[in-house]
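S.K.: Below: one structure in structure tokens.
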Amino acid sequence: MLEQVRIQKMVNGGYGLAHLSNGKVVLVEGAYPGEEVLIKTYREKRDFSFGKVVSLLKESEDRIKPPCRYFGRCGGCHWMDVKYETQLRYKKEVLIDLFERSNLKVEVEDVEPSDLVFHYRTKMEFHFQGRKLGLKKRNSDFVIDIKDCEVAPEGTGEILNTVKEAVQVLNVPVYNWETRKGVLKHLVIRYAFSTDQFMVIFVTKTESFPWGRDLVRAVLKRFPKIHSIIHVMNSKDSVVLRGPYKTLYGEGVIVEEFDWERFQIPPTAFFQSNYSITSKLIDHVYREQALQGNEVVLDLYAGIGTFSVRTSFSAARVISVESSRVAVKAGKANANINSRKNIEYVEQDVLDFLKNYSGRADRIILDPPRSGAGPEVMKEIARLSPERIVYVSCDPSTLVRDLKVLVENGYSIVRVKPFDMFPQTYHVETAVTLVKGDR
């Protein structure tokens, strides 16, 4: 069904919201507030539909020509065709809308902009498919073959094309996502901005990878400054960087440095995707704890210690809880590198840890995955009754869900500060500060 609609506002997920002639809500991808578009609805839900733009009838003044030749086909970026300042405004408006619909009365601050709006990513995951090497279409497993990427670090395109050529020359069997046969699945590129270190990661289904040595030679011949080359063995299709790994070349880690600390980042550990925003976020989380020097701090979903290290300079003790063995090992190493003796790492599921923890928790930091912490974790946090909580989230919808539990258990939201971790996309990082009792 074709219908002309006017986009009223942006909503979570990067969609433009409009109403059909029958009053039903329709979410339109690739359309912005004030635009009039001819759409075709393609998926029906009980309360709303999804629509695709067939024709743009009235264009927003905020539209620009995207610099990427793959934009609109590749699913990596969503808002590259609107001005950067407009992207920031949309992200703030989406957050305000979500908080209002959840009956959480807060003031959302302006989104902290990224120093780099292109070539800012610290990690890119590319996928092999037949003779293609690239990024997937949005909501699809179809891979768009690309030669460069506007958000990947400078130099990524050259590495990408060198690997693709070498894979074809060496006749490396590429993994087939339908038959689940073949070997080579992904190419991951990690980059440390402060030290100019590249890590190239080959992800395979199998442990055996006899082509690895020749691929290393091909990459190093053109890029002798590559810091590390890694082979990750991952038989699962759901997550890219998971499973045992071995170092084919180099040290096996890259190092990122900030004002007060430096971090070793291993191949499969999580680390934030934007260097400049991560630096600002570390500062923010540290300040928002208002530490006096005698506090015990729980850092939940601690990763490699991104927030733990800075916090440990002003807290009596930091207990860093993380379920990933690789991240825990790196976190302990990072505590040593930064001469922090008051950080204790616990390798355990966060909920299991909280259920059995009865010690002090004067402050709690949490930075859960996109799925959020969940109501059970939030109830356990409330039970421990910390004076201040700083919740860092990469998904606004799971954030407001979790915050409601804390508010219902006697906490007040005193600050909502968004950070633009992902320019050119609808994603937004948000740090929320809560205090026990009334603000």
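Cβ coordinates come from backbone N, Cα and C, glycine included.
Swiss-Prot lists these features:
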DOMAIN    1-55  domain 'TRAM'
BINDING   CYS68, CYS74, CYS77, CYS149  [4Fe-4S] cluster binding site
BINDING   GLN272, TYR301, GLU322, ASP367  S-adenosyl-L-methionine binding site
ACT_SITE  CYS394  active site, nucleophile
S.K.: For the C-alpha pair, I'd like the distance in angstrom between CYS149 ([4Fe-4S] cluster binding site) and ASP367 (S-adenosyl-L-methionine binding site), rounded off.
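M.R.: Counting only the Cα atoms, the answer is 28 Å.
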S.K.: Taking 8 Å from the centroid of the Cβ atoms of GLN272, TYR301, GLU322, ASP367 as the cut-off, which other residues in that chain fall inside it around the S-adenosyl-L-methionine site?
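M.R.: Sorted by sequence, the hits are PHE270, LEU300, ALA302, GLY303, THR306, PHE307, LEU366, PRO368, VAL392.
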S.K.: Can you tell which of the binding-site residues (GLU322, ASP367) has the fewest other C-beta atoms within 10 angstroms of its C-beta?
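M.R.: Counting other Cβ atoms within 10 Å of each of the binding-site residues GLU322, ASP367, the minimum falls on ASP367.
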S.K.: If you draw a 10 Å sphere on the Cβ of TYR301 (S-adenosyl-L-methionine binding site), how many other Cβ atoms land inside?
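M.R.: Around the Cβ of TYR301 (S-adenosyl-L-methionine binding site), 21 other Cβ atoms lie within 10 Å.
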S.K.: So what's the mean pLDDT when you look at the domain 'TRAM' (1-55)?
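M.R.: Summarising the domain 'TRAM' (1-55) by its mean pLDDT gives 94.
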S.K.: Can you tell me the CA-to-CA distance separating CYS68 ([4Fe-4S] cluster binding site) and TYR301 (S-adenosyl-L-methionine binding site), as a whole number of Å?
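M.R.: Here the two Cα atoms are 35 Å apart.
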S.K.: Using DSSP, how many residues of the domain 'TRAM' (1-55) fall into helix, strand and coil, respectively?
M.R.: 0 helix, 35 strand, 20 coil
S.K.: Return one of helix, strand or coil for CYS68 ([4Fe-4S] cluster binding site), based on DSSP.
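M.R.: Reduced to three states, the DSSP call for CYS68 ([4Fe-4S] cluster binding site) is coil.
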S.K.: I need the nearest neighbour of TYR301 (S-adenosyl-L-methionine binding site) among the recorded positions CYS74, CYS77, CYS394, using C-alpha distances.
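M.R.: Smallest Cα separation from TYR301 (S-adenosyl-L-methionine binding site) among CYS74, CYS77, CYS394: CYS394.
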S.K.: Count, for each of the recorded positions CYS77, CYS149, CYS394, the other C-beta atoms lying within 10 angstroms of its own C-beta, and report the residue with the smallest count.
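M.R.: Relative to the other recorded positions in CYS77, CYS149, CYS394, CYS394 has the fewest Cβ atoms within 10 Å.
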